[in-house]
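J.: Would you mind keeping the following structure in view while I ask a few things?
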Amino acid sequence: MTDLPTETTRKLGLVIDLDTCVGCHACAISCKGWNTENYGAPLSDQAPYGDAPSGTFLNRIHSYEVLPEDGPAQTVHFPKSCLHCENAPCVTVCPTGASYKRAEDGIVLVNEDACIGCGLCAWACPYGAREMDAAEGVMKKCTLCVDRIYNENLPEEDRTPACVRTCPSGARHFGDLGDPESDVSQLVEKRGGFDLMPEQGTAPVNKYLPPRSRDSWNEESVLAPFLEPVAEDTRGFLSWLDRALDKLPGGSD
Amino acid sequence: MHPAPSVIIFTTLSGLGFGLLAFLGLDPTPPTGWAAFAFFFVGYALSVGGLLASAFHLAHPERALLAFSQWRTSWLSREAVVAVAALSVTGIYAAALIFVGFHINWLGWIGAALTLLAVFTTSMIYAQLATVPRWKTPLTPLLFLSFSITGGALLSGRVDLSIGLLVFTALMQILWWVRGDRAFAQSGTTLATATGLGDGGTLRSLAPPHSSPNYLMREFVHVVGRRHARKLRVISLLLMAVLPIGLLALPFSHGFAILAVLSHVAGVATSRWLFFAEAEHVVGLYYGMR
């Protein structure tokens, strides 16, 4: 049923650290790999070796430039996938009941056998988290690796979403955001985690951690006193050259 | 938004067909026999033709029956349920008129209410989407209903009423455009709220996730079609209202009336094309596009 559960027992989701993400796209690659080989229809590619390759991805990494009023521009890499919203607009618009949000852990999933491929859920999602697979004609989205996190055939350290497991910079964290004592909730609390597009009223479960502030042009370096020039005057050949050039007409800078 | 021809054809024709069926249902002295058959045939051809066009644009039409199940939350499901109910009720009403010449007054009223409700549910599929600020307004169902009722009046040959409704629809359309042009800015969604990075300074998209367009960009970012939007709005208004009013004001002839209908339909289709092509989805912000 496309009614949203009034409450979910747990709120499983991701916390993405925009400070430590290096924009390597490893999460997108491991996601594509796992979700092509396992649960549901594979994530197809169209003309992967052609002029305009295109394909289905459940996770995409944007890069933004933040230009402060003073100081250097900062590049922020921005991975974006389904945020498993508490008030998921993609679920309620589904005409067939293919889209649903699980009451036990809050994961938003698609029953591909019931999907007619109308695409309305992708229209309703403000984050671009749902993509219609061009080969299968069904809607694909992040499953939070539901086939990994509860999978007892995997070693315990692998029972986490593929993107989190693979991230080389530790920028992705997985856990229960409904439990205020969980590691992820503590991290959000400590670092000032925020929602994307809060004004859309979707109440996303996934949170983003802001980049920490960087050095500015004006800041005095603590090492500066130790790096003062040793010699103020030039001597020897360079000194002679300096004086000789000064004597030539045209002045100096 | 990508202006898919199937959806434009569906919403334009089915709105028109449902409008005609509504007028036939409300008519105190409806046609009977072969005349009734002709009118209802046109009404059904337009509305059912539109519904079929929309079903074929699905990737999995064989599962379409499931779309009747989620009427509690989904406007698309409600549309399916109400459209079938409207066509069934009106079908019985029409059969009585065509084959027996018997006018079941109250059934016509129920049928008319259901057909207009079907148009309303269609419009709410768009008007419910907070992701497309241009659509998310009570003016959207009002606009769709005006098109449908005006088209129905034209097709059922009510000349004086049509002229009044054409003027009303044109004003409604202008109001919808004026409000729509400000809607995205007023929604408050920006690249800053989309990324949460606005406090740090001026933002811009530095690199998209992939080197070539993806499903999201093809579906939601349609910049090309907006290039001639102003001109198309004028063309749409001329075809939708000005020309039909002129033709109807002339001494009545069936030739002019047919021309007025065709011109109106072409104008509504142009407007519907703009409805999609001009609509900006907030996801475009992530790509630095609208």
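Placed from the backbone N, Cα and C atoms, the Cβ positions cover glycine too.
Among the features that TrEMBL reports, transmembrane segment is placed at B:7-26, B:32-59, B:80-100, B:106-127, B:139-155, B:161-178, B:232-250.
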J.: Checking distant contacts: for the transmembrane segment (B:32-59), what same-chain residues at least six beyond its ends satisfy Cβ-Cβ under 8 A?
T.: 4, 6-7, 9-18, 20-21, 24, 83, 87, 90-91, 94, 97-98, 101, 103, 115, 155-156
J.: Checking distant contacts: for the transmembrane segment (B:232-250), what same-chain residues at least six beyond its ends satisfy Cβ-Cβ under 8 A?
T.: 154, 159, 162-163, 166-167, 169-170, 173-174, 177, 256-257, 259-261, 263-264, 266-268, 270-271, 273-274
J.: Which stretch from B:7-26, B:80-100, B:139-155 shares the most C-beta pairs under 8 Å with the transmembrane segment (B:106-127)?
T.: B:7-26
